[in-house]
């Protein structure tokens, strides 16, 4: 998709603030600092539009990015980071769960995992949870440029095995610096945009 117009519509802290539109939404989930902002920036052809934070766990809102009035990218707070208070974590956990299970406009979830390492227990729990609720999921292995090309297949197998990936779940290896995987991610998003 050609992208020229992108707006951060709202950084929502409650469901009353979610955009009241019928535009399809794609949520991005993953551990703190896994590269959600970098993926968003590459997909929308901007360098620093989605803010990349050096402080993990900083995003504590659902950020709705309106892309060409055709799709919203929804940046979900990173999981698996302990610097936020337990009470705050529980509040956001509940909000995220409600968004992912009840939001009619949601067409699918992109789950990002760090391709350099074995997926964490938090990654496994998130994937299992998404599958339990039958939410269409794309796994994106980030930072693949930091892995030797000869080891890509090994890392791909590790992700598949650790997450116990279902055959219906595609996996794409992605590099923000080389823009590898960008077109494949967009293809999946566009396929989801047309589905109710």
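Quick reminder: no glycine exception, Cβ is built from N, Cα and C everywhere.
Listed in Swiss-Prot for this protein:
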- 30-37, 57-61, 75-78, 142-145, 174-176: GTP binding site (BINDING)
- 37, 59: Mg(2+) binding site (BINDING)
- 22-195: domain 'EngB-type G' (DOMAIN)
Ask   = To the nearest whole angstrom, what is the C-alpha distance linking residue 61 (GTP binding site) and residue 37 (Mg(2+) binding site)?
value = 13
Inquiry  = Counting other Cβ atoms within 10 Å of each residue's Cβ, which of the binding-site residues 30, 77 comes out lowest?
reply    = 77
Task = Counting other Cβ atoms within 10 Å, pick out the least crowded of the binding-site residues 33, 37, 61.
result = 61
Key: 10 Å Cα neighbourhood of residue 37 (Mg(2+) binding site): matching binding-site residues from 30, 77, 143, 174   = none
Task = Which residue among the binding-site residues 36, 143, 174 has the fewest other Cβ atoms within 10 Å of its Cβ, if you could check?
result = 143
